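Notes follow the structure.
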Number of protein chains: 2
Amino acid sequence: MSRKKSNISMAVVKRLPKYHRYLRELLLKDVDKISSKDLSKRIGFTASQIRQDLNCFGDFGQQGYGYNVADLYEEIGKILGLNQEYKMVIVGAGNIGQAVANYINFEKLGFKIYALFDKNPKLIGLKIRDIEIQDIDNLETFVKENNIDIGIICVPKSYAQDVCDKLVSNGVKGIWNFAPVDLKVDEDIVVENVHLSESLLTLSCLMNGCES
Amino acid sequence: MSRKKSNISMAVVKRLPKYHRYLRELLLKDVDKISSKDLSKRIGFTASQIRQDLNCFGDFGQQGYGYNVADLYEEIGKILGLNQEYKMVIVGAGNIGQAVANYINFEKLGFKIYALFDKNPKLIGLKIRDIEIQDIDNLETFVKENNIDIGIICVPKSYAQDVCDKLVSNGVKGIWNFAPVDLKVDEDIVVENVHLSESLLTLSCLMNGCES
């Protein structure tokens, strides 16, 4: 089963987490095999789209027999980078930061939150689950000493670039950015944005029939 | 200036909010005109991508003179549906629900939150800014009587479909869904998902070089 990494387009990358979620649900229901047609009914992509996507990175299906759910789940997990653990910190312990800290599902997938940071003295020292909110002044030392992989930015947009620079200069390779600003980083750093305003405007656009 | 609505693909729709954000910043800096080349430098899309996108829905640029920032901002705002107000409710007043309720930027764009709903007696009666958290039992009556346009679902996934059904059957046309589940709705209802786990898996995928 060879993975043809270089053939995965950004459009497919964006669909992979959804495949992963549906395949997990199938596994939990003890489903061993599934056809592209049945998977299509559940996941909402067309069967031909599914065959095309899954062909991109390996040979999982047998004509007429369907996909092996466990194999496919495992292989997609590997492509998603889930065969390792990630050490994360959250910067900004407001509502969004606390919400992310409370998502225990991330931990099950191997994403472990090591600390939250804030500059608000009223928050410093508090705990979200068992994760302590620390003084933002400790951020750089902590990130460096603990080999943090991913920094989650939940601060107001005017602070976001500065926080990003501090994370990256101390070894962080991935930034999950909730601030409504586009961060500037070197090419080897990955930024994934959650821009809530843009999502809401997409909703209103579609409600007004803007899509063809 | 004619809007060619039917030519806007989903890929363009997804880029429109970003254009809108950058154009607002230009307006705030009193920039009147901008070339596709200069816009490209700021926004990160290629100049030819920008010309192609903006050609989709009107004639804003003059060869060699650039785009009129105010006109383009207004027209993109119209396509995004921002020439009207939206009445919204949030269901689920946990961290995510409270975070969304605290985003005052949405209000500036015409999205007004009328109420939050929760089933937790400790939360009912509290206020986030000036918005009261009400008993979830009031949801259907409130949505119907106040002609709510958009429902924001911030409840655990096992409750999400039921909440969605209640919103839709009382007149809601758009669902902004933060629960990690794909909701089933009729064709005339728009759902925009914010699936945080999928965003995080996209990040780890890209950190492992999965994109071509």
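Including glycine, each Cβ sits where the backbone N, Cα and C put it.
Residues or ranges marked as DNA-binding region by TrEMBL: A:18-57. Per TrEMBL, the feature NAD(+) binding site maps to A:Gly92, A:Ala93, A:Gly94, A:Asn95, A:Ile96, A:Gly97. Marked as domain 'CoA-binding' by TrEMBL: A:81-182.
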Who sits close to A:Gly94 (NAD(+) binding site): which same-chain residues at least 6 apart have their Cβ under 8 Å from its Cβ? A:Asp118, A:Cys154
Given the model, what does the mean pLDDT over the domain 'CoA-binding' (A:81-182) come out as? 96
Report, in sequence order, every one of the binding-site residues (A:Gly92, A:Ala93, A:Asn95, A:Gly97) having a CB within less than 8 angstroms of a CB belonging to chain B; if no such residue exists, report 'none'. A:Asn95
Are there residues of the same chain, six or more positions away from A:Ala93 (NAD(+) binding site), whose CB falls under 8 angstroms from its CB, and which are they? A:Ala101, A:Leu116, A:Phe117, A:Asp118, A:Asn120, A:Leu123, A:Leu126, A:Ile128, A:Ile133, A:Cys154
If you skip the near sequence neighbours and keep only those at least six away, which residues in the chain come within under 8 angstroms of A:Gly97 (NAD(+) binding site), Cβ to Cβ? A:Ile90, A:Val91, A:Leu116, A:Asp118, A:Ile152, A:Cys154
If one looks at the chain holding A:Gly92 (NAD(+) binding site), which residues at least 6 apart in sequence have a CB under 8 angstroms from its CB? A:Phe117, A:Asp118, A:Ile153, A:Cys154, A:Val155, A:Pro156, A:Tyr159, A:Val163, A:Phe178
Per DSSP, what is the residue count of the DNA-binding region (A:18-57) in each of helix, strand and coil? 28 helix, 2 strand, 10 coil
